[in-house]
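Q: The active site, proton acceptor annotation in TrEMBL covers 331. The 3-phosphoshikimate binding site annotation in TrEMBL covers 25, 26, 30, 178, 179, 180, 208, 331, 358. Summarising the annotation, TrEMBL assigns phosphoenolpyruvate binding site to 25, 101, 129, 180, 362, 407, 434. Positions annotated as ATP binding site by TrEMBL: 461, 462, 463, 464, 465, 466, 467, 468, 469. Taken from TrEMBL, the feature domain 'Enolpyruvate transferase' applies to 17-443. Per TrEMBL, domain 'Cytidylate kinase' is recorded for 457-666.
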Ligand SMILES: O=C(O)C1=C[C@@H](OP(=O)(O)O)[C@@H](O)[C@H](O)C1
Ligand SMILES: C=C(OP(=O)(O)O)C(=O)O
């Protein structure tokens, strides 16, 4: 997950390949709660690991459920041992439920029915998301729920229910603000249906109906067969009792699929690929958002699907504008809002009033951000109408504010395919953690763009100037990859000797092929990984230094390393640290910095570093070494150390590393097309 203040997406050109999606949020949180209410242990495969499921898991642990392992581990099932429909008397807890509607609403209902002493809390936005209709419904039974702040909204206090006055009359609940209130009742009331049938009646229109379908499907898996009478009345039969299915699988998230369906529809196919293949969810999904496929097809997407996969390619281009009632796909419909930027006319998305009470006011947010990109947008209480920029020149480079809303961040990433070739800045990219923590990594894995579009910041300079530290920190702040080119020859020497190759000219070709085949990574905390193994220490020995100098004399190795270095130029961008980054390896880089410091100052820093590690150090010798090294680096025939003509020079003799990092960030910001106010 990118934890940077913002993430700049360079203009993207094509898409292709396979993406495996994380589990469905709606299914994960329902299955967790149902498993927790059941008797026995439920083994859950492919549970989503995200903010929303973490708050649910933490809450269930507080209630006494056993969860093994303790946290979701990729590829491993998680086992939940439930409470068997009742909590020990006097159970008390304060549950923090973040901004997860699928945790707050169903847990509120379940705990209000079970009884105890609970506080239901969350992030500030949660305290603006309505829950009054659910509380009103639960109070009809005799549940004890108080508002701790504003009436109608969390935080809530839950006490012991008194069911004595509860008649057999249907429980009424409004369905026009959120379907999650009905879902919450459907999951909580079976706890009281051992002896009598319970009827729930929906008052007014029921929105987001397909989510009720998910609820009913999963209730059935846990032994509860609810009668759905035309989406108006739901009857939980007498004798209902939660029964764990033993094992259950979570299908991938159909709302998360929408970004990749849209990607396939609007991006040209990467040569050699036939569009975007999405694994984990297919046409048989129980999630309503799978019907996003139909909307995408109406706009022009070519979609094939099977039991657990979708294959999407560009069909009609430009996309066709649509006018659609989106009540059945409230979450995925936001993606249509960004697809509308690529359409041949005005797109209208209707019946989406619920957008206003989700992670943010999504109608207002979409309107504001789409306008920043150059669209003309009209918004109403329950609709949004989007007219794309008239031509490529109408597009604007925008810094997209994301309102702590994962879906705003994810759908606006698709604006990077704009025909104007402009980058798009996504602010606070880690908000995708709500449902899809690795969204951007997954996106980059199936997107492509010509190498020259991918930004490179070169930081060159003499030994000891601090360029390694500065480069690593700049890369970390931007979420860019990092290349420590100086380490490459050391790594080459290391892998060649480990492979038993003598470091001789006759082996040069084999050594070159070997280094080109390694998976190299330079982490932001300055560790060096080869095929995942940390070799940071192994490459810093005297012997590694000598081996590096041997292999660096072989032309075949040098040229293989040019290819290796170019391969680091990958999405979303690169910070390259070395001596010839700006002059030889990336001569067209959009920012080149030549970082230097006086010999005296570099010698002092090195001296302090050695002393602090308890190593022997001699100031005069260090000074002389550095002078000699500078002279060698600057006067060698191949790629001598010198500032590129267009490099900005930064003397780091007196300032701190932090100041140097900030200077590089400022220079970089000044070269971006985004409005200054929006820069991080
Ligand atoms: O029940 C669910 O899992 C959900 C229901 C929908 O909410 P509303 O019913 O409030 O529209 C949806 O937006 C949300 O992301 C998940
Ligand atoms: C509305 C959403 O979330 P929640 O489950 O918190 O309602 C969403 O994921 O788009």
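The backbone N, Cα and C atoms fix where each Cβ goes, glycine too.
Describe the structural context of these features.
A: Of all the Cβ atoms in the protein chains shown, 28 others lie within 10 Å of the Cβ of residue 331 (active site, proton acceptor). Residue 331 (active site, proton acceptor) falls within neither a helix nor a strand when secondary structure is assigned with DSSP, and so counts as coil.
Listed in sequence order, 101, 129, 330, 405 are the same-chain residues at least 6 apart in sequence whose CB falls under 8 Å from the CB of residue 358 (3-phosphoshikimate binding site).
DSSP assigns residue 434 (phosphoenolpyruvate binding site) to a helical segment in the three-state reduction.
The DSSP secondary structure for residue 465 (ATP binding site) is coil. Of all Cβ atoms in the shown protein chains, 24 besides its own fall within 10 Å of the Cβ of residue 465 (ATP binding site).
Restricting the average to the domain 'Enolpyruvate transferase' (17-443) gives a pLDDT of 97.
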Q: I need the CA-to-CA distance for residue 461 (ATP binding site) versus residue 434 (phosphoenolpyruvate binding site), whole Å please.
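A: Computed Cα spacing between residue 461 (ATP binding site) and residue 434 (phosphoenolpyruvate binding site) is 41 Å.
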Q: Counting every protein chain present, what is the number of Cβ atoms, excluding its own, within 10 Å of the Cβ of residue 434 (phosphoenolpyruvate binding site)?
A: 23
Q: Please check each of the recorded positions 129, 179, 331, 407, 463, 465 and report the ones with a CB atom less than 6 Å from an atom of ligand 2, ordered along the sequence.
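A: Correct list: 331, 407.
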Q: Measuring CB to CB from residue 25 (3-phosphoshikimate binding site), give everything in the same chain under 8 Å that is also at least six residues away in sequence.
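A: Listed in sequence order, they are 48, 50, 52, 53, 102, 253, 255, 434, 435.
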Q: In DSSP terms, helix, strand or coil for residue 180 (phosphoenolpyruvate binding site)?
A: helix
Q: In DSSP terms, helix, strand or coil for residue 358 (3-phosphoshikimate binding site)?
A: coil
Q: Using a Cβ cut-off under 8 Å and a sequence separation of 6 or more, which residues in the same chain sit near residue 30 (3-phosphoshikimate binding site)?
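A: 102, 106, 183, 187, 214, 215, 218 - these are the non-local Cβ neighbours of residue 30 (3-phosphoshikimate binding site), listed in sequence order.
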